[in-house]
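Taking it in order: structure first as structure tokens, then the write-up.
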Amino acid sequence: MQALQHTLRSAGRYLLVCAKWVALAVLAGCLTGPLGGAFGLALNGANTLREAHSWLLYLLPLGGLAITFLYRRFDPDGGGSTNQVFAAVRQRRVLTLRTAPLIFVSTVVTHLLGGSSGREGAALLLGGSVSGQLGQRLLRLGREDCRLLTMCGMAGAFSAIFGTPLAAAVFTLEVVNVGSMHYAALLPCLVSALTGVWISRQMGLAPTAFALQAAADADPLTLLRVLALGALAAGLSILFCQLLHAAPKLYARCLPNAYLRAAAGGVLIIALTKLLGTTDYNGAGGAVIAAAIAGQALPWAFALKMLFTALTLGAGYKGGEIVPIFFTGATFGCAVAPLLGLPAPLGAALGMVALFCGCTNSPLASICLGLEVFGGQCLPLFALACATSYMLSSYFSLYHEQHFLHSKLHIRDMRCRDGHWAEEPPAED
């Protein structure tokens with residue numbers, strides 16, 4: 001009888017905790033869903049407006065000066081990078097509320113005036129800051145609960161803007177500490193992501209999805225070809241990470257003044273755009289991604305997008321790196337796949353998810369991304385490409401706040417710093 005009472009009490013506690021976090025996750029999704037939806041619609045509008053008025057590109061240096069002023073005035077220690085929210089989750093602290101409007105405005109300005117950046121990284125900051133403040137200021141939650149609510153906000157905003165709730169939830173769990181997923185956060189993050197994406201769809205923001213026209217059977221030769229593409233994506237991810245880490249250091253070495261860096265970066269983007277005679281590499285580049293997945297991409301498009309993105313983000317403009325990764329991976333895969341004997345559209349899809357995996361070290365989220373964006377027809381091939389890219393990308397990462405808790409090769413534990421691996425053991429979480 002006592003055992004039964006103990007079991008019932010335990011079950012009751014579990015149900016109460018579950019109900020609590022489902023309610024909090026819905027609340028976080030209801031908060032970050034509209035923000036993410038508004039953010040996505042604003043970015044779509046900014047890109048459409050820029051394409052209709054090409055003269056806006058000439059205002060990019062002025063936009064850079066404005067962004068630099070805003071951050072030096074209101075958030076001098078933050079910097080508006082995705083690393084902020086990863087550090088906040090690990091250290092169980094809450095981002096300031098000003099982080100949200102700063103990253104919202106500065107990212108829209110960057111896209112409106114022709115900078116090359118993404119949106120999902122900014123969405124993580126946006127969702128993490130407002131949900132963390134909700135937990136700390138309004139709900140008076142403890143540090144651990146605020147941490148979990150911050151993760152819910154990250155998943156909700158990511159899902160709202162990109163339309164992939166499963167990938168958003170898994171990415172939030174997987175990306176901060178590679179090799180150690182906080183499974184207790186799975187249900188809240190998934191509920192928040194589903195709530196956020198539902199709200200953003202009601203606002204008219206369409207999810208990211210592509211119809212993959214080409215497929216391939218998982219025969220031994222095809223698997224070898226996919227493995228080779230994953231290996232190439234791993235090498236490209238290392239190059240991309242190193243380029244994005246080197247750009248701000250080079251800017252700072254040549255131009256110690258932050259305002260001069262922003263202006264110079266804007267001038268360089270204008271000059272390159274005019275030299276190439278195309279605006280394909282400005283903004284997010286969604287049209288080029290769609291064309292690559294349809295099987296059409298210039299062989300050098302991936303390299304130019306990497307250059308544009310490094311020049312933009314290195315100069316202090318805001319946004320994120322994930323959509324440029326999609327652009328780079330899709331165009332690279334489209335160009336390389338025929339050389340490996342794969343259909344170009346399939347290569348573009350594989351390259352997109354494999355490069356995302358190599359740059360972020362999040363294989364499960366990358367596989368989920370492939371499933372939600374392209375469907376499950378080629379899921380085993382996505383899994384193989386992502387697993388290969390994850391293994392061969394070593395300890396390089398876009399995020400210097402990303403920690404590796406376990407070795408990829410079972411040789412030693414390491415921690416990522418600015419795209420390099422270090423032999424010091426990671427801090428315990």
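A Cβ is built for glycine as well, from the same backbone N, Cα and C atoms used for every other residue.
For 21-43, 55-74, 95-114, 148-171, 183-203, 223-246, 258-277, 283-302, 322-342, 348-371, 378-398, the entry in TrEMBL reads transmembrane segment.
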Q) For the transmembrane segment (55-74) and the transmembrane segment (21-43), does the number of C-beta pairs under 8 Å, pairs 6 or more apart in sequence, reach 3 or more? A) no
Q) Under 8 Å, at least three CB pairs between the transmembrane segment (148-171) and the transmembrane segment (348-371) (pairs 6 or more apart)? A) yes
Q) Per the 3+ Cβ pairs under 8 Å rule, pairs at least 6 apart in sequence, do the transmembrane segment (378-398) and the transmembrane segment (223-246) touch? A) yes
(Q) If you count every Cβ pair below 8 Å, which range out of 21-43, 183-203, 223-246, 283-302 shares the most with the transmembrane segment (322-342)? (A) 283-302
Q. Sequence gap of 6 or more, Cβ distance under 8 Å, 3 or more pairs: do the transmembrane segment (348-371) and the transmembrane segment (258-277) meet that?
A. no
